[in-house]
Amino acid sequence: MALPAADLSKQPDNRTTMELGAVLPLTAEVRDDHLFVGGVDMVELAREQGTALYVMDEADMRARMQSYLRSFRSRHENSAVVYASKAFLNKEAARIVNAEGLCLDVSGGGELACALAAGFPADRIFMHGNNKTPQELREAISAGVGRIIIDSRIELGRISQIAGELGVEQVVYMRITPGVEADTHQYIRTGCEDSKFGFTMRDDFAYRCVHDVLAAPNVRLAGLHCHIGSQIFALHSYPEAVEVMVDLMARIKQGYGVELGELDMGGGLGVAYTAADKPASIDEFAETVTAAVRAACEKHGVPLPRLLVEPGRSLVANAGVTLYTVGIIKTLPGIRKYVAVDGGMSDNIRTALYHADYEPVIANKAAHPRTEIVTIAGKHCESGDAVVVDMPMQRPDLGDIVAVFGTGAYNHTMSSNYNGQPRPAVVFVKDGEARVTTRRETYDDLMARDV
Ligand SMILES: Cc1ncc(COP(=O)(O)O)c(C=O)c1O
Ligand SMILES: N[C@@H](CCCC[NH3+])C(=O)O
């Protein structure tokens, strides 16, 4: 698919790097016209490590983790933050999440294996997925994961059987689709009725299935879960979902005589991908959710539950920067200007998949104003392969280092080897030091599974 036609009336914003606001990692700065993150010169780092390269600002990640914990615990003492590792995961990230005292959401056996290999305590791991395989369930239950979020009755039977075979009782939540339409891209909306995820509220199905969960041997129902979508800006959907969930908890108490002590409201808080984006803050999100839970619990006469949230993107997106080298510049007068880099849809599929926007700068001209409108194309054999479409950037020259902001979430984890592209290394930067936490793939890695 080709790119949509460029809006030729779009004007460059003439901003310099530090004028891009919330898209920047917390430690971003410009020294002598070079972009620095975590005290490390991005131009030098690109030369040392090669490009494309994922860079993560460790201080940014840690600060947001602490901000989530503080924002929720100061308002709702009995709360926990579960990092949704699908947003970004390698062993070092799992170690950091552990050290910061968060729990971890894994969506399959692979993420679970990574977390366990990094020494993440199993009892703080939550396993999700609409079709966890029996093998994945066995791995999770035998590892002793703290919670498995049941997605369907079929899965309930599997968990009950496997837990019985292993001689354990598995603590579970039920994932409910509360019928709330979150204000976000239709592909990443998950709480609406037409969803492959969870137990529907339609015809009281979820309520009726509670009976089966309570009756199943070897499982203990501890709470309910919902997740209404991702990259959400308008917070009003959360109180709507809280009301549905707490109402259901109250009915379960009344109808089944069981007081569920835990409520997991999922993730979904949006982030700034462009300087124009104004997402709610972590604090506003916490205020909205905790106030709604308090109000709903009072209204329905149920005690305050242990409250959990499951952010992914809002913990890591803005910590991430991807570095590329400009290889080709192609100007098509009256059409657009293409700047082709040494990566693309293999390291960032979000632009092709969701028409996502990103802000680019030239790391070696970071103090210059962004005076051109460019499309940063990848090197893949697809016309729709672009990382940035029609956004302002400094005037590019061959060999420049392009930095694209906001790539910390759902870039590395959704990367591919399309066109035999080895996946980039992941470098964490902090206090002037850079350390490789995932090395760059080699051609041998690409063929490692071939027999
Ligand atoms: C069950 C579940 N929890 C948490 C998340 C994290 O969402 P986000 O990255 O939008 O915070 C997701 C992904 O949308 C999810 O499916
Ligand atoms: N991967 C998506 C969002 C899905 C979130 C996971 N349920 C993104 O990049 O925005």
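Backbone N, Cα and C atoms are what each Cβ position is placed from, and that goes for glycine too.
Pyridoxal 5'-phosphate is bound by GLU310, PRO311, GLY312, ARG313, TYR410 in TrEMBL, and the record lists one more residue there from GLY261, GLY268, GLY378, which is GLY268.
Taking a Cβ cut-off of under 6 Å from any atom of ligand 2, the recorded positions ARG350, CYS381, GLU382 reduce to ARG350. Cβ neighbour count within 10 Å across all protein chains ranks ARG313 highest among the binding-site residues ARG313, ARG350, TYR354. Neighbour density for CYS381 (active site, proton donor): within 10 A of its CB lie 9 other CB atoms from the protein chains shown. Closeness to ligand 1 is met by ARG313, these being the recorded positions among ARG313, TYR354, CYS381, GLU382, TYR410 whose Cβ falls under 6 Å from the molecule. For the pair formed by TYR410 (substrate binding site) and LYS86 (N6-(pyridoxal phosphate)lysine), distance between Cα atoms is given as 7 Å, rounded to the nearest Å.
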